[in-house]
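Quick look at what Swiss-Prot annotates:
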TRANSMEM  25-45  transmembrane segment
TRANSMEM  60-80  transmembrane segment
TRANSMEM  94-114  transmembrane segment
TRANSMEM  136-156  transmembrane segment
TRANSMEM  173-193  transmembrane segment
TRANSMEM  221-241  transmembrane segment
TRANSMEM  242-262  transmembrane segment
TRANSMEM  285-305  transmembrane segment
TRANSMEM  321-341  transmembrane segment
TRANSMEM  363-383  transmembrane segment
TRANSMEM  400-420  transmembrane segment
Amino acid sequence: MALLFGIGYVLIIFEESLSFSKSGIALLMAVSLWVVRSIETSVEIVTLELQHATSEVSQIVFYMLGAMTIVEIIDAHQGFKLVTDCITSRKPKILLWVIGFATFFLSSVLDNLTSTIVMVSLLRRLIPPSEYRKLLGAVVVIAANAGGAWTPIGDVTTTMLWIHGHISTFSTIKNLFLPSAISLVVPLALMSLTSEVHGMGLNTPPTPLLAYDRSAPRGKLVFGVGFGALLFVPLFKSLTGLPPYMGILLGLGVIWILTDVIHYGDLERQHLKLPHALSRIDSQGALFFLGILLSMSSLDAAGILKVIANYLDAHIANVELIASIIGVVSAIIDNVPLVAATMGMYDLSTFPQDSEFWQLISFCAGTGGSMLITGSAAGVIFMSMEKVNFFWYFRKVSGFAFAGFTAGIMTYLAVHNFPL
């Protein structure tokens, strides 16, 4: 099973070179692994294991689909114009910091992918094609990953840990906000000294802001209700004790009815209604997560992940080092299966909820992907939108991202071990 998983994983890593869809590979890998598992063990046992795995995995997939649909309907109503309208500075250094922290806070309540799309689209309105715009785009990637690490709804990996009870809302925000902010501040400070930014104000005249399109009808209302629905999910979980996907489905139902009422009887606004938004969400991404998580659950059921955990415990006793290694590896390998594997390797009896280990896993897996452009969904979409290649990012940005990653870990350990 480990060999089969390894082959599938290599195919996923080189999906662009092979022109294969990683979603298709992940689904084939998941089914193949469970078939092998059924051959090794009785069908009755495997059926129970698969039912348990499907129950856990489906919660994450339902949550993702609900959140992506809400974000898509907000975007269709140009709700993010409220955010982009607030960014008016044209001074290079100020814009660098404004873009960074706007993305940081936006990503804390949205997924990294959507935050990156919104902010890179904004950059296209602010700045003509240049090295400076590429650098700002890289800032968006770092900020999106850092912003997603300190809230349960900001990144799919923190959401996975949260849904499975490894981290809680208040403790995550309290313990990871400062390290996440530091992991952004350090790269911003270093980038401010580069020639692309420092020399920009000396040699280039201010870039005029481009006009925005007029907002869709009731855009502010949809923005408020949609954002409120996303923010309500942690409160819903704490009030009812029900899993987060129920909260996101509640919000989805509310915004569905709202948009039906707003656009009732208007045939020219069908593209603003939720059924059309469902056709635009990243369903391939959801199926990829489904395949990966089912694959990891098969390895967990077979006891393979426990063997790896025992090996790490025997050779690397330091939990901080294990979490840091996972963060570095997440720059090369997708962080979703890494976190899924970690949850399978270590249960809550080994490391209880909100322990240092799970907090560090949340931080490291979230921010580690910034070190390479292919290490996160934010980096991949930036590469696609701005036609940035792997080696440009590696030369210009990876060092800054690594410095921020290291500083963030040191900040967490300092605060955790020496509380004020």
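Just so it is clear, glycine is given a Cβ too, placed from its N, Cα and C backbone atoms.
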For the transmembrane segment (221-241), distant same-chain residues with Cβ under 8 A (at least six beyond the ends): 67, 70-71, 73-74, 77, 79-80, 82, 109-110, 152-153, 169, 247-248, 250-252, 254-255, 258-259, 262
Beyond the flanks of the transmembrane segment (321-341) by at least 6 residues, Cβ under 8 Å: 9, 12-13, 156-157, 160-161, 289, 292-293, 295-297, 299, 305, 308, 312, 357, 360-361, 363-372, 375-376, 405, 409
Residues from the same chain, set at least six apart from the ends of the transmembrane segment (173-193), whose C-beta lies under 8 A from its own: 93, 96-97, 100-101, 104, 135, 139, 142-143, 146-147, 149-151, 354, 359, 362-363, 366-367, 397, 400-401, 403-405, 407-409, 411-412, 415-416
Positions on the same chain near the transmembrane segment (94-114), where near means CB under 8 A and six or more residues out: 67-68, 71, 75, 83, 86-87, 122-123, 126, 135-136, 139-140, 142-148, 150-151, 153-156, 180-181, 184, 188, 191-192, 197, 227, 230-231, 282, 285, 376-378, 381
Cβ-Cβ under 8 Å with the transmembrane segment (242-262): same-chain residues at least 6 beyond its ends: 59-60, 62-63, 66-67, 69-70, 73, 152-153, 159, 162-163, 217-218, 221-222, 225-226, 228-230, 232-236, 272-274
Touch test for the transmembrane segment (400-420) and the transmembrane segment (60-80), at least 3 Cβ pairs under 8 Å: no
Surrounding residues of the transmembrane segment (136-156) on its own chain - C-beta under 8 Å, 6+ positions past either end: 60, 64, 67, 95-96, 99-112, 115-116, 119-120, 123, 127, 162, 167, 169, 172-173, 176-177, 179-181, 183-184, 187-188, 191, 230, 233-234, 244, 289, 336, 362-363, 366-367, 369-370, 373, 376, 378-379, 382, 385-386, 388, 393, 396-397, 400-401, 404, 408
